[in-house]
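Student: Below: one structure in structure tokens.
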Amino acid sequence: MSQNLIDSFLDHLCVERGLSPRTLSSYKIDLEQFKNWLSSVERGELTSVSSSVVGKYVSFLKKKGLSTSSIARKLSCIRAFYRFLLAEGKVRENPAEAISSPRRGRKIPSYLSLREVEKLLEAPLTTSFLGIRDKAILECLYASGLRISELVNLNREDVSLNSGWVKVKGKGSRERMVPLGKEALKWLSRYLKERKDLKKDSPLFCNRYGKRISRQSCWKMIKKYAKIAGIKKEISPHTLRHSFATHLLSGDADLRSVQELLGHVNISTTQIYTHITQERLVKVYRKYHPRA
């Protein structure tokens with residue numbers, strides 16, 4: 001019965017909220033871990049859980065050494081699950097509603113300097129098809145601020161070289177239009193000249209076998225070029241997204257525009273980059289205030 005409740009909840013998320021398979025998989029893992037803990041430790045069923053039991057589970061996760069963000073995510077998942085069960089009449093109350101999420105520290109995103117970005121973008125050897133593809137991927141990531149999942153899911157029809165825009169399907173299947181700069185368009189055009197066989201619904205970026213390139217392959221590729229470029233700091237595809245936002249704000253872009261370009265639903269998510277505007281304000285203050 002417990003598994004049926006979880007499956008019904010996942011179906012609801014898929015149909016009603018249009019969540020991606022990756023997000024649904026995360027929800028499933030979190031709920032099945034809670035269910036397994038419940039049956040082995042509390043000997044209970046999902047429909048008979050109290051607030052104290054949810055509190056015990058949070059304590060159990062803390063003792064296991066999980067990060068604050070992981071615990072907060074799992075608790076959010078459990079809370080949403082019981083909200084669904086309450087609406088369906090399967091439980092009388094939401095036992096997770098009264099449990100406070102652990103406070104998460106505000107982590108300033110890691111980003112590359114302009115010089116580091118230049119060195120990274122110059123790293124691929126563009127004398128081969130794969131080098132041209134990699135160059136186009138790097139240029140597109142930095143020019144658009146796309147999540148790596150958004151980039152690998154692009155099809156040929158999503159990009160218009162004439163208008164310079166790319167249609168992106170983001171989290172929750174929300175679509176947005178994002179502009180590409182001259183350099184990204186130049187290398188994307190050169191890459192597409194090598195891929196004249198692409199149909200409208202073909203994956204935009206492919207591996208050597210003609211299949212859609214994976215997130216893992218992009219991650220390894222970026223790590224490789226960071227090493228070639230002599231970049232010592234930890235880097236991932238998301239580092240280019242952070243760099244995109246950071247450099248826009250450093251150049252006086254407003255927060256609301258950056259929010260739209262990144263595809264953030266809430267501006268509070270974009271506000272993790274406000275350290276940039278704060279740093280700029282300090283510089284302006286020190287430069288122009290007579291007693292700074």
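The backbone N, Cα and C atoms fix where each Cβ goes, glycine too.
According to TrEMBL, the record shows the following:
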DOMAIN    1-86  domain 'Core-binding (CB)'
DOMAIN    107-286  domain 'Tyr recombinase'
ACT_SITE  Arg147  active site
ACT_SITE  Lys171  active site
ACT_SITE  His238  active site
ACT_SITE  Arg241  active site
ACT_SITE  His264  active site
ACT_SITE  Tyr273  active site, O-(3'-phospho-DNA)-tyrosine intermediate
Student: Compile a sequence-ordered list of residues in the same chain as Arg241 (active site), six or more apart from it, whose Cβ lies below 8 A from its Cβ; state 'none' when nothing qualifies.
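Tutor: In sequence order, Leu141, Gly145, Leu146, Arg147, Leu262 meet the Cβ cut-off.
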Student: Would you mind pulling the DSSP three-state label for Arg241 (active site)?
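Tutor: It is helical.
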Student: Measuring Cα to Cα, tell me the gap between His238 (active site) and Lys171 (active site) in whole angstrom.
Tutor: 15
Student: Round to the nearest Å and give the CA-to-CA distance linking Lys171 (active site) with His264 (active site).
Tutor: 9
Student: Secondary structure at Lys171 (active site) (DSSP, helix/strand/coil)?
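Tutor: Once the DSSP labels are grouped into three classes, Lys171 (active site) ends up as helix.
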